[in-house]
Amino acid sequence: MEGDSLLDIANRYDVGLLLLMASNPGVDPFLPTPGSLLTIPMQLILPDVKREGIVINLAELRLYYFPKNSDKMYVFPIGIGRVGRETPRMTTQISQMIKNPTWTPTANIRREYREKHNIELPAVVPAGPENPLGDYAMRLAKGGGQYLIHGTNKDFGIGMRVSSGCIRMNRGMWNGCLAK
């Protein structure tokens, strides 16, 4: 649609922003020229893994969900850890499902926000529209539970390497599938 950014288009087609940008070199991600012909990358090569549960391909910035006792598969674009705060490779399990989670930013994250953004984060961010974890979170057992797969309050960053190590999904994906 005219006036849409590549982020809007990525969200509409459930593809990651970086993948959409890489598929359309020379297109301004914020103000694509009206009438531009865009390539929407929809073809997948499935990971060579057991088709069960959640599989995350960090390099692709995608989460694959294989529901139990089903022949269906769901694929979601994700945001992962940025340089210096990479999302670790791991084999793990979901240790906790949390609806309307609170966010307790670490001392390091609070200091970073203060120093880089001049923002004083509270010790705890309650559930609600300002909570960056969104409406749902799944705590991963590996790493002492410090890593989550969670929603977000802002879709910017889906399909990008921008988190502090957690795995972000957009709101619609949570509400449509994994929250069940």
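Keep in mind that glycine also has a Cβ here, set from the backbone N, Cα and C atoms.
According to TrEMBL, the protein has these features:
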- HIS150: active site, proton donor/acceptor (ACT_SITE)
- CYS166: active site, nucleophile (ACT_SITE)
- 1-40: domain 'LysM' (DOMAIN)
- 52-180: domain 'L,D-TPase catalytic' (DOMAIN)
Intrachain residues whose Cβ lies under 8 Å of the domain 'LysM' (1-40), provided they are six or more past its termini: 60-62, 75-78, 155-156, 158-161, 170, 172-173
Under 8 Å between C-beta atoms and at least six apart in sequence, can you list the same-chain neighbours of CYS166 (active site, nucleophile), or say none if there are none? GLY81, THR87, TYR147, LEU148, ILE149, HIS150
Integer mean pLDDT for the domain 'L,D-TPase catalytic' (52-180): 89
Report, as a single number, how many Cβ atoms besides its own are within 10 Å of the Cβ of the residue listed as 'active site, proton donor/acceptor'. 23
